[in-house]
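Here's what TrEMBL has on this protein:
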- 37-58: compositional bias 'Polar residues' (COMPBIAS)
- 37-113: region 'Disordered' (REGION)
- 59-85: compositional bias 'Basic and acidic residues' (COMPBIAS)
- 464-508: domain 'LysM' (DOMAIN)
- 517-538: region 'Disordered' (REGION)
- 526-535: compositional bias 'Basic residues' (COMPBIAS)
- 540-583: domain 'LysM' (DOMAIN)
- 596-640: domain 'LysM' (DOMAIN)
Amino acid sequence: MGTHFKLSSIKIELAFIISVLLAFTGCVTDSYQVKSEEQSAVEQTPAESPSPDPQSTEVSKEAYESSPIKEEKGSIAHVTPEKQISRSTTPVIKEPASRPLKKKASSSIPNYKKTDKSAQDLLDSALAFCNASNDFWERGDLDNAVDALDEAYSLILQINPDEPPEILQQRDDLRITISKRIMQVYSSRYTVVNGYHKAIPLDMNRHVKKALNLLKGKHRKFFLSAYRRSGKYRPAIVKALKEAGLPEELSWLPLIESGFKVKALSRARALGMWQFIASTGYKYGLKRDRWVDERMDPAKSTAAAIAYLKDLHQIFGDWDTVLAAYNCGEGRVLRVIKTQRVNYLDHFWDLYGKLPAETAFYVPKFLAVLHIINDPKAYGFTLPPVDKEIGTETVTMHKQVSLKTMAKHIGVSYEVLRELNPALRRNSTPPRPYAFRVPMGKGPTLLAELDKIPQWRPPIPTYVTHRVRRGETLSTIARKYRTSVKAIMARNHLRSRSYIKTGWKLKIPTRVRYASAGQSAASHPSSKRVNKPPKKPALSKYRVRKGDSLWKIANRFNTTTKAIQSLNGLHNSRLSIGQVLVISKPSAAYSVTGTEMYRVRKGDSPYIIAQKHQMDLAEFLRMNRLTPRSTIFPGQTLSVKPR
């Protein structure tokens, strides 16, 4: 027979009990009154029943390992037994030897018949698993400690709620104990994270072995090249990780993310050494505009990565799962966890099969890198010497200058300046205060030469920006701008001629300098003003092409959509490809009262034309029904004020 027992009453407020149970078990406890210390004292007397067999209530580690829960969990990577775990000093739950409970003298509990053996046996088994969990915990085996608590909880859930109050009270006490123990295990894992112990267990299983074989074979050259580059950046990364209290092993994460390349760009548009996508980078303070992309800044992206890893660890609690979430996003991993039978402290290898293939292999690959770094000879590697870290100092620039011009003035190569400032997207500093890095000792030189370095002015681009619309291809865009697909691919670093997305902004190289409305320049070709008596506009024919609209055609021929509809008898704005339209095309010399007509020339922009005719840009745009993003073409006629 199982031994009758009563756990000591736990001095804990009811609100805390409910919050613990809701957080870790998802179940609502049966309501019961928390008694005072005097009322909760239980008088115990020697047992009237025979002494139980100790083997019937004690669960050894060997017995637990053969239990059904081990078969369900599959492969589990254990924490090294020798590892010491920092934890609280909550006393271990021990089962009373052979003393059943005695009813309190002042109690009004009815005299129930002898407790059903199955309910008491369930409690005994649950308590034994709870004690086994404590044993695993003390040995540092956190995974089996959680599994044992899981088994204990599943046992007490089988107890019928119609059992006598004594049984229900014992069940509730044990449920609270399990919840507290789960909190202790979680606290142990978090203490490990803070750097007091080795945080990332070097698991070895078939997945890690597969990654090792890949690094020893097909990816060997990549690994050695990335390891060599790590010398430039890893010392600063290790220092930042130590200051944040995170494991130093995470300093090798950029090796599999980017190969320690600060300008690495993935197919998912993740950029930089730590491979941030734009939205996540923005969330963690990485700025991005036409001049700078801080995802390519080693120091700033490292700080952002550390903040992100900290947040992920607060969510998941173990580093293997954190790394998976870093690769595919916390939302995806959380959705996978919700499908598990136990929704707290899931082990990464329990989730492995349900993660995306690339993410699932990401963690074994990282562990394989750690194995090789720790013992390269064991895996057939001879690690090369690493690149040296370049000492730098920072100068705050308040002037926009060309990097090539700066390099000549301070005696440093242009390539070195680019390497030290990879976040710059152009060959100049931005038009705002900017912390510019130079080699150690060159800061005073730059400050002394700064006044001699001329202000940099952006040239007029030889391309136009085109936003991809639905149904467009590179071929149709190339035909529209009279260029080639290869030229567009080269200008935008595209790898496939058949893959573009709606909304992408493409730079289209052109033989003629089309200009946008907001563009300006220091100098430009002279423009001719036309001021002749008005002539009747001539009619011309235009064949509709793919992507055309009435507004586009009207804007191109300096007319209105209503005029085109009137000339062609159109009742709506629908057009068909190949349709021929009659267009009222004013000549270059045509003018109306108070205005002149101006023919656009190569190199012109709305800003340039407005300046030449002493007009405000806004007035010029309004007169010609243009917007700041409108594009003008050579040969197009526009209205201007007479000078």
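In case you wondered, yes, glycine gets a Cβ from its N, Cα and C as well.
Where the annotation comes from TrEMBL, it is an automatic prediction and has not been curated.
Same-chain residues lying 6 or more positions outside the domain 'LysM' (540-583) and placing a CB less than 8 Å from one of its CB atoms are 469, 471-472, 476, 480, 624-626, 630, 633, 636-639. Restricting the average to the domain 'LysM' (464-508) gives a pLDDT of 87. DSSP places the residues of the domain 'LysM' (596-640) in helix, strand and coil in these numbers: 14 helix, 10 strand, 21 coil.
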